[in-house]
Amino acid sequence: MEISPGSSTHERDRKGSYGHRERTRSHSGSPSRFYSKDKRGSSRQGVRPRDRDSKDSISPQYKQRNWSRGGGGGGRDRGRNDFSYRKKGKDYNKRRDKRSRSRSRHRSPKRSGSSKKSKRRNSSGSSSSDLMDTSLMSELKKHGDYGSSSKSKKKSRKRRKHSSSSSSSSGEAMDLPVSSNGMNVTAIPPPPSFNINPFQPMFSQPPPPPLPPNSQFMTPPPRPPPAPFSIPPPSVDIHFAATASFSLSSIPPPPPQTDGGASSSKRQDPLPMPPDSKRIATRPVITTRRGHATNRPSDSDSWYKTNLTHYTMLDQIGEGTYGQVYKAVNNLTGEQVALKRVRLENEKEGFPITAIREIKILRQLHHKNIVRLMDIVIDDISMDELKRTRANFYLVFEYVDHDLIGLLESKELVDFNKDQICSLFKQLLEGLAYIHNTGFLHRDIKCSNILVNNKGELKIADLGLARLWEKESRLYTNRVITLWYRPPELLLGDERYGPAIDVWSTGCMLGELFTRKPLFNGNNEFGQLELISKVCGSPNVDNWPELTELVGWNTFRMKRTYQRRIREEFEHIMPREAVDLLDKMLTLNPEKRISAKEALNHPWIRSLEHTTVQPLKLPQHQDCHEMWSKKQKKSARLGRQAEGSSGSGHSIRATSHPRAPTQPSTTTTKSNGSSNHHHHHHHSHHHASSLPPSGGHAPPPPPPPTQASSTSHNNHQPVPQSQYQSVFFK
């Protein structure tokens, strides 16, 4: 046996006893014979092979084979009683730690249940060549076509003898890049003196081509860029990769490794990220609600390009809780507009919510019978003034000459016939049906919010209280709609309402167009309910089953029960078809109330022929609106007070209603008899205090009239008209 002259004394002693260990090992043909011999010993009785395996891994070497620490032992263990195993102290501990580290580093995942033969091979030496050699051989036995013949075993023993003599030349390990199934790993290469030619008969497949020189391993070719959406490579064990490098011939060259050694080979490349999808950023398209897309006005692009200095205010035409409304002229175009000033004095949270709602809703509603919002402007002030004071916001609307309340109160200027009233009311229903169809509630229908221009075109305005309606799925406030136009369900505290509330208000306006007076002008909610009950009947469970669910029903107590008498009250002043539509719009139960769309299909509306309707004769020199009407009433009242006559004082009391017609005192005195004659028969008790009591009349039913009263009665031929005026005009 050749021993390298450069080896140490310890190496020579160990290698000298190597032959004896090989001869002793050849007596056992398989690992099973070791187990059978071990079972004869008393120290291995009743221990299973797996348990013994795990127990041997944590016990000292001299206890695994019944070695004696003093150096004595059987013939099989005589070769292990070498100086390297008898020596105590630091050298022995270092060798034991080195053996445990080498076993853990080179142990394959399937070595946990290996035989004793492989364990003795691991403990036979501590040099790097033996450790690497045994690791490669064990893998070749597992994965190659290695038989159990004695010839193969003898060759393996000769190979171990030959490799032990070259321990000095195998001190350094080189990185061997190996590729298997697309996975690039790094394995420890065999020593330079390792010759694989004697092992070629052990493989069933043809021999692989010779390995490339060492320089190629040190400078591998650059890694190609990974293809997008590539399949992640499978996980490959490092020991199997080292074996596969000798058996697979069609392996591509490996990419360079950043870190050498076995520890870096277990690191897999991160999963390739897919390329970023090129999404086209599209702007959201804002359309009207519920699929009713309409074209925006052509001047919407000119918003926010002007301020208040571009307008000249002419006169104030309205005022309310929201602010003031002014008539103005655009200095650039000469067009008349209406500037609605948004009041900010009492706002603690900035811009009022009612103005925000009106702006949002009006920008979604585009109809010929709805007023058009044109722009929003602010005061032309500097930044320093803006810090000290609040800027005024103005909503710019198209200017409409009149409102309906101003036209109704100017009887000497405007007079409507039945066809003209039907034409105006049809336009009102068309605008209201459009609002409801787009999913909104107006919640403030009244005469002052209905505008009419000089061409006779009607437009709905003031959508500050409008809200989006969600099919009665949520609660809304019942403190909406002016009291005179408020439906009974809101008066009783209903908070789950729908478009029927606007239909009731529109029905009140239908009667007001013919009578020129509000139908129900109560002073409070209970008084308003009492007036409604006198004309529309008392609400009860029979005609309104959901009445008991309302909050105000338990606290509302009527003085008496009234019958419904709408047709009797209005048949003599309205067409029969119009009375039928009014009756359906003033239904107490909101579930049975007609809708705006259904009202457009009513026979009275459908019978209208626009070719036969005469155009409205509206005043061209005077704009009739609510504020102008109030000024006229105030001046007339001051003029009557200046006269100082006793009759004028009575006339003022008789016309104390804000929209009652002014009548001379003689006319009022003359009509006292007829009006008081029917006072208890009709339900106009809210005017009774304005009429002087008459002591010569009996309680109802009235007695037969005397000759004088009969003569006076004959002098007034239109008796039904006189009766109606006593109810609604006094």
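Backbone N, Cα and C define each Cβ position, glycine as well.
The shown structure was predicted, so the numbers you read here are calculated from the model rather than taken from an experiment.
Per Swiss-Prot, region 'Disordered' is recorded for 1-230, 246-283, 623-730. Per Swiss-Prot, compositional bias 'Basic and acidic residues' is recorded for 9-21, 75-94. Look at Swiss-Prot and you will find 57-67, 714-730 tagged as compositional bias 'Polar residues'. According to Swiss-Prot, the compositional bias 'Basic residues' annotation covers 95-122, 151-163, 676-688. Annotation comment: Swiss-Prot describes 194-203 as compositional bias 'Low complexity'. Residues or ranges marked as compositional bias 'Pro residues' in Swiss-Prot: 204-230. Annotated domain 'Protein kinase' per Swiss-Prot: 313-605, in sequence order, evidence recorded as sequence analysis. Swiss-Prot lists 317-325, Lys340, 398-403, His625 with the feature ATP binding site. Annotation source Swiss-Prot lists active site, proton acceptor at Asp444.
Mean model confidence for the domain 'Protein kinase' (313-605) is a pLDDT of 91. Shown are the recorded positions Asp403, Asp444; of these, the residue with the fewest other Cβ atoms within 10 Å is Asp444. Between Ile317 (ATP binding site) and Asp444 (active site, proton acceptor), the C-alpha separation comes to 19 Å. Between the alpha carbons (Cα) of Val400 (ATP binding site) and the residue listed as 'active site, proton acceptor' lies a span of roughly 19 Å. Of the recorded residues, Gly320 (ATP binding site) and the residue listed as 'active site, proton acceptor' place their C-alpha atoms 13 Å from one another. A simple way to gauge crowding: the CB of Gly320 (ATP binding site) has 14 other CB atoms within 10 angstroms, across all the protein chains here. Cβ-based neighbour count (10 Å, all protein chains) for Gly323 (ATP binding site) stands at 21.
In the three-state DSSP assignment, the secondary structure recorded for Gly323 (ATP binding site) is coil. The two recorded residues, the residue listed as 'active site, proton acceptor' and Lys340 (ATP binding site), show a Cα separation of 17 Å. In the three-state DSSP scheme, Ile317 (ATP binding site) falls into the strand class.
Note on Ile317 (ATP binding site): other Cβ atoms within 10 Å of its Cβ, all shown chains, come to 22.
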